[in-house]
Amino acid sequence: MALPNKFFLWFCCFAWLCFPISLDSQPSRGEAQIVARTALESEAETWSLLKHLDGRHRPGLLSPLLNVLYDGHREPPRLQPDDRALSYMKRLYKAYATKEGTPKSNRSHLYNTVRLFTPCAQHKQAPGDQAAGTLPSVDLLFNLDRVTVVEHLFKSVLLYTFNNSISFPFPVKCICNLVIKEPEFSSKTLPRAPYSFTFNSQFEFRKKYKWIEIDVTAPLEPLVASHKRNIHMSVNFTCVKDQLQHPSARDSLFNMTLLLAPSLLLYLNDTSAQAFHRWHSLHPKRKPSQDPDQKRGLSACPMGEEAAEGVRLSRHRRDQESVSSELKKPLVPASFNLSEYFKQFLFPQNECELHDFRLSFSQLKWDNWIVAPHKYNPRYCKGDCPRAVGHRYGSPVHTMVMNIIHEKLDSSVPRPSCVPAKYSPLSVLAIEPDGSIAYKEYEDMIATKCTCR
């Protein structure tokens, strides 16, 4: 009988010891489920708020990157660009932007967008003659749906790329003949004759070349300005050897078969609010204009010059007397608490300042369409604002007034908050859904200074 009693006692002790462990484990799993459910609900609520926004109001409410986020976990582009075209745009990005992704300050041009389009349709019209240096005449169709109404053309270029870099031992003059064709017409409309533009360019192929740029701004500017969605052109590219200066070039053959179909480069200025406008940084705001009477050197006071001079002298004497009387007074009253006096000038330990927040676009699953930069540091402002906001924050007088109201009159009025005061732009190289490549500069993407407001 003693043995069963001992066994029963041992079993009860064991159950008592194990019971708290089971209780502790169950709440931990429950808390984890609650946290996960809360995170999912928060994310779903955020997405629902974004989806209910009208498309017409999105650009004013959401940042440029959130506009992309709104489009719904953006899928990879339907079409991938050519490797040579992508290599060219990466080279352009390095020339225009720093490693951190901000536009270089030494650039003086006014465009903030560069788009590269590959032809959506092409076919050869006539065979070429390699011995004569004539390439096959090519019909090209470019779709410009990605060009928005707020983007204005500065320059357009036909970009020829090579499979491998090539070089010639003698100078070569290349002539590009470009014919812009009208779209297909219905039977009711009368077709207009195509208009032709011929460009003469001389290239010195002494060095290795991977691409050739031909300026075609003149024929394309009216088409882009009228928002043509499709541009149909015929291109004929001919290179002539300089046989007078180099007789040995007479019997040599051109190796121009490596020249591929051209891409179309559009240098644009995006005038929207989200785009970075370099003109404002090159031309800072002017100071307020003076009064017309002040410009002419006249006094704004209705009195005569002598009376005005007397007023200034009397005011100067009063200022001197007030300063001397203030100097005679004791600096601090005897009953004044120095610790309380200096406390208002002390900055808090966690004072308002900039903090880094480095992320990579692969974390957001955006690296399938954002080519550069690979990492992004938007930075943010965090911390407490001091009672007496000094010049270091550049805060307005309104901030000090709000502090006084909060402490003396109404504590429900919030204290000044730590917020960004200045920003810098961000350069982004991205692949569009149609396979085109876009270099864009976005305004106010990186916080550079904090303030209390």
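Just so you know, glycine gets a Cβ as well, placed from its N, Cα and C.
These come from Swiss-Prot:
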SIGNAL    1-25  signal peptide
CARBOHYD  N106  N-linked glycosylation site
CARBOHYD  N163  N-linked glycosylation site
CARBOHYD  N236  N-linked glycosylation site
CARBOHYD  N255  N-linked glycosylation site
CARBOHYD  N269  N-linked glycosylation site
REGION    281-300  region 'Disordered'
CARBOHYD  N337  N-linked glycosylation site
DISULFID  C352-C418  disulfide bond
DISULFID  C381-C450  disulfide bond
DISULFID  C385-C452  disulfide bond
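Where Swiss-Prot records a feature, it is marked here on the structure.
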{"residue": "N106", "record": "N-linked glycosylation site", "Cβ neighbours (10 Å)": "5"}
{"residue": "N236", "record": "N-linked glycosylation site", "Cβ neighbours (10 Å)": "18"}
{"residue": "N269", "record": "N-linked glycosylation site", "Cβ neighbours (10 Å)": "18"}
{"residue": "C352", "record": "disulfide bond", "Cβ neighbours (10 Å)": "23"}
{"residue": "C381", "record": "disulfide bond", "Cβ neighbours (10 Å)": "18"}
{"residue": "C385", "record": "disulfide bond", "Cβ neighbours (10 Å)": "24"}
{"residue": "C418", "record": "disulfide bond", "Cβ neighbours (10 Å)": "22"}
{"residue": "C450", "record": "disulfide bond", "Cβ neighbours (10 Å)": "24"}
{"residue": "C452", "record": "disulfide bond", "Cβ neighbours (10 Å)": "27"}
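C452 (disulfide bond) has C352, C418 nearby among the recorded positions N106, N269, C352, C418, counting only those with a Cα within 10 angstroms of its own Cα.
Rounded to a whole number, the C-alpha distance linking N269 (N-linked glycosylation site) with C418 (disulfide bond) is 34 angstrom. Recorded residues C450 (disulfide bond) and N106 (N-linked glycosylation site) have their alpha carbons 26 Å apart, per Cα-Cα distance. Looking at C418 (disulfide bond) and C381 (disulfide bond), their Cα atoms lie 6 Å from each other. Taking CA atoms as the reference points, C385 (disulfide bond) and C352 (disulfide bond) are 6 Å apart. Within the set of recorded positions N236, C352, C381, the entry lying nearest in space to N106 (N-linked glycosylation site) is C381 (CA atoms). When the Cα atoms are compared, C352 (disulfide bond) and N236 (N-linked glycosylation site) turn out to be 63 Å apart. Here the C-alpha separation of C381 (disulfide bond) and N236 (N-linked glycosylation site) works out to 57 Å.
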